[in-house]
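First up is the structure itself, then whatever we jot down about it.
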């Protein structure tokens, strides 16, 4: 899978992942460009 930076790293928090993005934390980290 390619990693796409969909949200700013500053907003990549556990809360964002669990409540806004509906993804697991590991996937949220990938979408924040930390792959």
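Using N, Cα and C of the backbone, Cβ positions are placed for all residues, glycine too.
Residues or ranges marked as disulfide bond by Swiss-Prot: 3-35 (among others).
Residue 12 (disulfide bond) carries neither a helix nor a strand DSSP state and counts as coil. Neighbours of residue 12 (disulfide bond), defined as other CB atoms within 10 A of its CB across all chains, total 21. What Swiss-Prot lists as disulfide bond is 12-28 (among others), and the listing cites experimental evidence.
Positions annotated as disulfide bond by Swiss-Prot: 17-32 (among others).
Feature annotation from Swiss-Prot assigns domain 'ShKT' to 3-35.
The site 'Important residue for binding Kv1.3/KCNA3' annotation in Swiss-Prot covers 7 (among others).
According to Swiss-Prot, the site 'Important residue for binding Kv1.3/KCNA3' annotation covers 9 (among others).
Around residue 11 (site 'Important residue for binding Kv1.3/KCNA3'), a 10 Å sphere centred on its CB holds 12 further CB atoms from the protein chains shown. Swiss-Prot lists 11 (among others) with the feature site 'Important residue for binding Kv1.3/KCNA3', giving experimental evidence as the kind of evidence.
Taken from Swiss-Prot, the feature site 'Important residue for binding Kv1.3/KCNA3' covers 20 (among others), and the record attributes it to experimental evidence.
Taken from Swiss-Prot, the feature site 'Important residue for binding Kv1.3/KCNA3' covers 21 (among others), and the record attributes it to experimental evidence.
Positions annotated as site 'Important residue for binding Kv1.3/KCNA3' by Swiss-Prot: 23 (among others).
If you look up Swiss-Prot, you'll see 27 (among others) marked as site 'Important residue for binding Kv1.3/KCNA3'.
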